[in-house]
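These come from TrEMBL:
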type   : residues : note
DOMAIN : B:3-71   : domain 'BON'
Amino acid sequence: MTELRIAAVADIHLGEDLRGHYRKKIEGIERRADVLLVGGDLTRHGTIAEGRVVAEELSGLPIPVVAVLGNHDYHSDHNQEIIDLLRDAGITVLDDEGTVVPVDGVRLGVAGGKGFGGGFAGKCASEFGEPETKAFVRHTKDIAERWRRALKELDADHKIVLSHYSPVKDTLMGEPPEIYPFLGSYMLAEAADAEGADLFIHGHAHAGTEKGVTPGGIRVRNVALPVIKHAYTVYCLNGDDC
Amino acid sequence: METPHYVAARVQRALAEDERTTELGIRVDVRGEQVYLRGQVSCDERRHQIENVAREAAPGLHVHNEISLVEVREPGEEEHL
Ligand SMILES: [Fe+2]
Ligand SMILES: [Fe+2]
């Protein structure tokens, strides 16, 4: 089967001050990768003006681009408008759903969305007590349920989960443990493990580390720009002659 | 003198909530009258804005800007999974 070259990055945090910079770094990406996945925190404040910069920087590439939003992209309550303008620019935006990207006859399935926090098994928040606490935990639970369904429904040769928040602690190493519950949730990993996937891409943890694995054995990669320090990283699925 | 602990908390919140910065990943340590800022950002302008916001949130204290610039490099080697 043909090999898939997956370029991935997150936390590009674009704004007017960085217009044109990121685009320069991804020119020629089609020679290195078949698809680009962008794991949220596309902007700094989630304004429509910043969303337009993101659309300009990521549109018109010769390879398909699939993105999710991050918490920063929600900050100004214009998350839906940002999704719309990215979609108008030809970018596939996943908002708790899946998509199939055909690459040279191979069907690459990508499912996911922003994700959310809550913490990790043994040290996590639970749906108990004040309504605010319950709402926090339920938000993650609902998201995980939608991802599980999206993964199940994907008719693809390979499956990747694309998220902003982390599914595991491994890739948070370097972050203060006190804030782990705000960086991810084990429920995201549980959803992926239940349905199976080849790779789990996330961002958000700027001070974390790149590599980890879910309890079920799915490889996890934190591709936050300050972690990978490159315009993107390329992961090859299937075969060794990338 | 204000307890360093609360100064650090106030500076950190300011960096996250101020529209000029919205930086969540900056580490703030306060030792006596010295404030240390650590972390990584992607351009020099953001680095300076962080320092400005921190100074406003900690008037009278000495702010040390130890934030480094991440240079976004061209893509490197691929990983085969
Ligand atoms: Fe981020
Ligand atoms: Fe984030």
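Using the three backbone atoms N, Cα and C, a Cβ is placed for every residue, glycine included.
Taken as a whole, the domain 'BON' (B:3-71) shows an average pLDDT of 92 in this prediction. Applying DSSP to the domain 'BON' (B:3-71) sorts its residues as follows: 28 helix, 18 strand, 23 coil.
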